[in-house]
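**Q** My structure is below; once you've seen it, I'll send some questions.
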Amino acid sequence: MIFYAVEGLKVVEIEKCKNDLKKLRDEMTSRAGGRVNCPCKYNFSDDGKKLTPRRDVPSYPKYTLSQETIEALKKPTFDVWHWEHNEMLSCLEYMYHDLGLVKEFNMNPITLKRWLLGIQENYRINPFHNFRHCFCVSQMMYGMIHLCNLQEKLTLTDLGILMTAAVCHDLDHPGYNNTYQINARTELAVRYNDISPLENHHCAVAFQILSLPECNIFANVDPEAFKQIRQAIITLILATDMARHGEILDSFKHKVDNFDFTNEEHVTCLKMVLIKCCDISNEVRPTEVAEPWVDCLLEEYFIQSDREKSEGLPVAPFMDRDKVTKPTAQIGFIKFVLIPMFETVMKLFPQIEEIMVQPLRDSRDHYEELKQIDDAMTEVNTLTAHSHSTEEKN
């Protein structure tokens, strides 16, 4: 599909959109009661409002996508580091048009633009959980839809649910995980009774944005259908809590050998597994694209563990800068989380083996080699230190 040229939003509309988003932030702050002593930043009204400098919104359609980009966008090899925010917005917009979602839900194309801007503005500038991560997950979902031929197996409503849940799945992530929220008894943990506080918050923010008429991409869907779409998006975003990983994968394993695309429960379970795959799919990508994400994630983990130490809270070993290395962080995760999940999906879609599963096996091997080198270096350093101390004693 050739990309369409769309007129940029009028300045007046942009200003209105900005004001409404500001109003939404203020409303959420006042509802939350102004946050006493809360160490984390949850509400929209933080330190001089949003950390992101507002770009000249949104004549972003000046980025018409080249045929080359359009083809690359369907593949896991797509280089997600190569693009500015405006270009990522154009790519997301293109995906909604290309999949037929704009037509299916009778979306106003300008509303789609405004909604995407509202989404981008409500991702924070975290090392990992930021708008580029949102784009990665959404682009991988778009890639899997094409690779697994999901247009033929699922309804357009299902595809809209998958894409929209991917776009919204980490909205307003504060950069500190659920364990921190619960142990530090933050406002979010208290609000959601320690039950997936972050994922519940991502959902709430997603529907706050959709509640603005000018950002409501589902405005033309009838109320009964919207109720079902809303429920389905909530189910998918809540499924991204890794605390539920075992339970969700087990449920899928029981269905996969006799999978029935006409069975609603089967399809819901598949959609949950698909968003989980996309959420943690960085290692499927080429090494030069995947590896910087490991640094980003570790940076976010270290910020959290430093804070936990200073606040006297428990620290997970995999987040502790004194205990973790890139290879140790990745090997277990790839071997025991990623490969088993993707190999289960491969039973239903054998075509993912070469393009998604093999890169995971290669990545595991790459990190195991790195670990051997690290271990050898440690041994050499230990021996050297030991021989020096022996010399000194003599």
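Here the Cβ of each residue, glycine as well, is placed from N, Cα and C on the backbone.
Checked TrEMBL, it gives:
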- 53-374: domain 'PDEase' (DOMAIN)
- His129, Asn130, Phe131, Arg132, His133, Asp170, Asp279, Gln330: AMP binding site (BINDING)
- His129: active site, proton donor (ACT_SITE)
- His133, His169, Asp170, Asp279: Zn(2+) 1 binding site (BINDING)
- Asp170: Zn(2+) 2 binding site (BINDING)
**Q** Taking only the Cα atoms, work out how far Asn130 (AMP binding site) lies from His169 (Zn(2+) 1 binding site), in Å, as a whole number.
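**A** It is 11 Å, counting Cα to Cα.
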**Q** Given the Zn(2+) 1 site residues His133, His169, Asp170, Asp279, which other residues of that chain have a Cβ within 8 Å of the mean position of their Cβ atoms, reported in sequence order?
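**A** Other same-chain residues with Cβ inside the cutoff are His129, Cys134, Val137, Ala166, His173, Thr240.
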**Q** Based on Cβ atoms within 10 Å, give me the single least packed residue among the binding-site residues His129, Arg132, His133, His169.
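**A** The binding-site residues His129, Arg132, His133, His169 were compared, and Arg132 has the fewest Cβ atoms within 10 Å.
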**Q** Which one, from the binding-site residues Asn130, Gln330, has the smallest tally of other C-beta atoms lying within 10 Å of its C-beta?
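**A** Among the binding-site residues Asn130, Gln330, the sparsest Cβ neighbourhood within 10 Å belongs to Asn130.
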**Q** The record lists His129, Asn130, Phe131, Arg132, His133, Asp170, Asp279, Gln330 as binding AMP. What's the largest Cα to Cα distance among them, in Å, rounded to a whole number?
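**A** Among the residues the record ties to AMP, max Cα distance equals 23 Å.
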**Q** Let me spell it out: for each of the binding-site residues (Asp170, Asp279), count the other Cβ atoms within 10 Å of that residue's Cβ, using every protein chain shown. Which one has the most?
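**A** In terms of Cβ crowding, the pick is Asp170.
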**Q** If you count Cβ atoms within 10 Å of the Cβ of Phe131 (AMP binding site), leaving out that atom itself, what do you get?
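**A** Excluding its own Cβ, Phe131 (AMP binding site) sees 22 Cβ atoms within 10 Å.
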